[in-house]
Every structure is written in C-alpha cells, then in structure tokens.
Amino acid sequence: MGCDRWVMLVIPIIYALSNVSGELKRFEQPSKGDGSLSFLVIGDWGRRGAFNQSQVASQMGKMGEKLDIDFVVSTGDNFYDNGLRSVHDLAFEESFTNIYTANSLQKQWYSVLGNHDYRGDAEAQLSPLLTKIDTRWLCLRSFIVNAELAEIIFVDTTPFVKSYFQDPEDHIYDWRGINPRKHYIANLLKDVECALRESNAKWKIVVGHHAIKSVGHHGDTKELATHLLPILKANNVDFYMNGHDHCLEHISDTESPIQFLTSGAGSKAWRGDVKQLNREGLKFFYDGQGFMSVQLTQSNAEIAFYDVDGKILHRWNAFKQFGDHSSI
C-alpha cells in the first residue's frame, strides 16, 4: 500500500484539507532476458547539433550498440537557450529527432526538465503531442521508472533553487504548476521519500538536473544538499545522477555509499573554471563534452565516462551482496 493511500485511509479529513500530492507516476521498463540492465546518460545537449552535440550523439550511438542499451536518461536542459516555445517548436526535431539517429538510440528516452527548459514553455516538453512526433520522448516533472533490477526516481530540481525565483536576472521562467513553491517542494520530497522507502529494487537511483555535489562551474546546490540529500542517505540510494554543470564528474560521498555522477556534457562545455579540484571524495572530473554509461547486474554496477571521440575517460565498479555496499 502506498504512503499516500495510507495517509488517506488513516486521516482522511486531514488528507483532504492539506491537498497532499499523489504518488509519482510509474513506468515499467523491462530488463534484459538475463536480468541485466544498461543505459546511457546525457545532459545539457539541445543545440541543433552545434558545440559537438552531433559528435557526442555519434559516439553514443556506437556505445549504445556495443552495450545493447535498454534506454537513455536525459538529465535536463534539453533545449537551449530557452527551452521550447511551444509543442510546434522545430527545435524539438532539430535538436533531438534529427541528431540522435543511430539505431541503438531508438529506445525510450526518459527526461527531466532543467533550468533552461523552464525559461521556455515548460509544459510543452511534458506534452504527449511531442511523443506523437517522436515516440522515444517521455518527459515529466518527476516520475519513477521501475526497471526491475533498478528503480530510478526522476526529480524536478529546478524549483528547489531559490535564486531563480528571487533573482531571475533577465530570464522569464514558466512556473505554471509550481506555485506555491514551498508547497510543491514539500509534496515532492514526501513523494520521493515514500517511493524510496517502499522500493525493494537492488539498485536505487535518483536523477535530477542540478548537482548535489560538484566541483564544476555551478558547484553544489545547497537547497538539494539541505532537503534532498538526507532522504537519499536515509534510504540507501546508490547513485545520484545529474547535469547542469557542463562536464563529466564522479564524486563519492564521504558519509554514505552514494556516488554523485554528473553527465552534463552533451554539447557546450569547456568552461575552464573548477571549484575545489582537490575536494575530498572527488574521483574524476573532465571539463569537455561526452556522456556516461551504466551497466547493472544483481551484484555489480559499472559506470563509465566517454569523451567526444568515444574514449573511456573513467571507469568505476560497485559490488553488492545481500544489500551491502562496497566499491572499487
């Protein structure tokens, strides 16, 4: 029985008055016949092929075929500079359909919104009309993918960042469906905590656009470190995957088994500014373009990062037995 339904049954009057949100929508993603799972992770990409987006896409296609991937995860900032103007915006096909053309990439794409996506018509990316244009496309604010071996929770992180509301600079954000912000965030955190607590998946993965920990241009997202990270730690999450910083990055948490994995190098990169490069827990950082692969079995997870030429820059393995966490 879900947490929200439990609340509704026990205290129905309070439930009705408090307008508690429903459970996150779930999607079933079958694993392979042998029970394994493999997928690619890409973020911050949609530039009509420019800034090496097409070259990264080409290498993704090659690696997707080699790994026989089951799906692709997008960590947000799907369309630059200001999201989509509407469901009829040609940027959808020019930056997505016409770029990721390899046979191996004709799988389901699970996407979240980034801050740049909120600068356009955010709801356009959530529209089923885009799925009619390209059946691979699935984008919601927050949702769950049950991939049997793994449960992947996608979290809408942009509303957490207070500066977008208090100091938007010259940008106009599409906050339809978000305000009141505090209420939206509280409900989302409750839904995420509920889903993680009830999950029996071997691997627990959370995906958001913004980094919890990063030495890249944007650095840590303090709102996520304060509000989301304690929930991840309390519920034995294995990986938090994000974009936002236009780099590839791996940081091991020093207080839990969580691995922070940044894959936001789908196009424009090479910012050249790095924060605290000697930071404790930092395993890998690369400032250029590329993407990440994830391969999972019952006992092993292999994470790999690739550059624009398909070269493996960093590979890392985690092993799991009887619920224990260990890694090399």
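From the backbone N, Cα and C atoms, a Cβ is placed for every residue, glycine too.
Counting only residues at least six positions away in the same chain, the Cβ atoms of Asp44, Gly216, His217, Gly264, Ala265, Ser267, Lys268, Ala269, Trp270, Arg271 sit under 8 Å from the Cβ of His246 (Fe cation 1 binding site). The Fe cation 1 binding site feature in TrEMBL is assigned to Asp44, Asp77, Tyr80, His246.
Of all Cβ atoms in the protein chains displayed, 30 besides its own lie within 10 Å of the Cβ of Asp77 (Fe cation 1 binding site). The Fe cation 2 binding site feature in TrEMBL is assigned to Asp77, Asn115, His209, His244.
The domain 'Calcineurin-like phosphoesterase' annotation in TrEMBL covers 38-247.
Sequence annotations record features per position, and here TrEMBL assigns signal peptide to 1-22.
Excluding the listed site residues Asp44, Asp77, Tyr80, His246, the same chain places Gly43, Trp45, Gly46, Arg47, Gly114, His116, Gly243, His244, Gly264, Gly266, Ser267, Lys268 with Cβ atoms within 8 Å of the centre of the Fe cation 1 site Cβ atoms. Annotation for His209 (Fe cation 2 binding site): same-chain Cβ neighbours under 8 Å, separated by at least 6 residues, are Gly43, Thr75, Gly76, Asp77, Val112, Leu113, Gly114, Asn115, Thr157, Thr158, Asn242, Gly243, His244.
In sequence order, Gly46, Arg47, Ser95, His116, Ser267, Lys268 are the residues near Tyr80 (Fe cation 1 binding site), counting only same-chain partners six or more apart with C-beta under 8 A.
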